[in-house]
Amino acid sequence: MAARPRKNNVSVPNLYPLYSRKVNKVYWRYKHPVTGKFHALGTNEAEAIAIATEANTRLAEQRTRQILAISDRIATSKGKAITTSTWLDRYQAIQDDRLKSGDIRLNTYKQKAKPVSLLRERAGMKLISAVDVRDIAQLLDEYIAAGRPRMAQVVRSVLIDVFKEAQHYGEVPPGYNPALATKQPRRKITRQRLSLEEWKKIFDIADATHRYMGNAMLLALVTGQRLGDISRMKFSDIWDDHLHVIQEKTGSKIAIPLSLRLNAINWSLRDVVARCRDYAVSAYLVHFFRSTSQAERGAQVKANTLTMNFSKARDLARIDWGEGSPATFHEQRSLSERLYKEQGLDTQKLLGHKTQQQTDRYHDDRGKGWSKVAL
């Protein structure tokens, strides 16, 4: 005679086995701890354990939020501090409103999600006024140790803003900002700058392969704009003899005269725009000249396609980049700034930077140039 199946071989709370003599099987049920109702989970023990464990976790989180909410209401009424988790809920709501009103860009909004989630995970149960420098420093150290200093910079920047907002709403004392007290993570930039000679080599290969690549590279060098903005440029953006650009990253509005000429390559913006006009009807300056398996004739060339084809042409040019990583499409923006600076142009306005310090970063050739001794 077969042995009777064990009925109580699991220790997951609220999970119960029900043995059926009729079919000689064990059915699993989950008992809701609040309503007392049973929910059938079938005969698969592993699945039943997983479902019950997940249900218990969610109920525990729900209870924790309810307890925190009650605790925070009491604390607020008594003028005491609230928990970090509750403040982060309010901070998220503030960011939602800022996004809707246009105060921040979508990319900025998305960038805040991970750092907020990390702080909630590590210090959500602590009072917001009890989060200290060590809590933040430990978060940053993990990214630095993993070789991700750029992400550490992002986390620090967002958490500085979290505590700035907390100050504005009186949830922490004035000046209280443990994130600001942490050391700024340093990131060594290994990507090489692009020289004009290197640009010409890449341009010749890229233009011969895809004419739209030649157009995109000329626009990048003559206008100094970012990759995404170049991809989105339309003929309808041209009026009053200017090309109008609303920068995707910052929202800056720039009107570039068609008469602007980059002397180093002897191309004006008007010349480049004329080159972009061809037999393919398109709303975009950078567009496909013929239909392909992935795009129709006249369709916009997306930023990813420009990046990929630039990299291919760059590799075919067989340029020695030394110990650094090869230049990317974006490096044309720095080259443009340096060439226009030699012409005496106000490159800060052209690039759409709020401060001269931002522009100066682009002017740094990262060791490519030579310092000449004046006699």
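Glycine too: its Cβ is placed from the backbone N, Cα and C atoms.
When the ranges 90-115, 168-193, 350-375 are checked against Swiss-Prot, the one recorded as region 'Disordered' is 350-375. With His330 (active site) as the anchor, the candidate active-site residues are Arg226, Lys249, His353, and the one with the nearest CA is Arg226. Arg333 (active site) is surrounded by 22 other CB atoms, counting those within 10 A of its CB over all protein chains shown. Geometry remark: Arg333 (active site) versus His353 (active site), CA distance 12 Å.
Distance between Cα atoms for Lys249 (active site) and Arg226 (active site): 9 Å, as a whole number. Of the active-site residues Arg226, His330, His353, Arg226 has the largest number of other Cβ atoms within 10 Å of its own Cβ.
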